[in-house]
Amino acid sequence: MAVIRVRNSGKVVDGQENVHAFLECQGVFFERWDMGKLPENLVEKFDLTDEDKAEILKSFDEDIRSLAERRGYVNWDVIALSEKTPNIEELLKKFEQVHTHTDDEVRIITAGHGIFIVKGDDETGYFNIELEAGDVISVPEHTPHFFTLMDDRQVVAVRLFIDTDGWVAHPYEEKEHTI
Ligand SMILES: [Fe+2]
């Protein structure tokens, strides 16, 4: 279950109800999916073949199609990041720049962990959403954010898209001390 850490106050929000309420208040879509559908051999696998990725999409096909219908996504894929990913350091440097998109950015975490750092309302400022398997999140369009890994440095996620153009990252200038 996701945990929220507000970066300027250090406030921690945890527990299903509190996390839902906090994210709803900040306009961030969040829900939990049953990861029991994932084949056992993929629960802790981060170096994925194309067959593995297809298997992950098949396992959640019904849920993905339902989410896509509810929110207008037209295609989806699987991304895996770990120490075995070529150029992982370079990729992370890119991911760690604050940016926005013209569409929302949705991720279903199926293994490992990841953090979205999202700009909240003026009072809240930036907050971390620490995600684990089963967490489904969508950072709203035009909302400054960035992504990084956690201590385990590995994640598998399903990404859904409305339009590939909508996912282009537009750099967002932010004063360093406010992030
Ligand atoms: Fe993004």
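Cβ coordinates come from backbone N, Cα and C, glycine included.
All annotation found in TrEMBL is predicted automatically rather than curated by experts.
Per TrEMBL, the Ni(2+) site holds H99, H101, E105; the candidate it also names there, chosen from H145, H177, is H145. In this structure, E105 are the recorded positions from D104, E105, R107 whose C-beta falls under 6 Å of some atom of ligand 1.
Counting every protein chain shown, the number of other Cβ atoms lying within 10 Å of the Cβ of H101 (Ni(2+) binding site) is 19. Apart from H99, H101, E105, H145, the Ni(2+) site neighbourhood in this chain, defined by C-beta within 8 angstroms of the site C-beta centre, holds T100, V139, T143, P144, F146, A169. In this structure, the CA atom of H99 (Ni(2+) binding site) is 16 Å away from the CA atom of R107 (site 'Important to generate the dianion').
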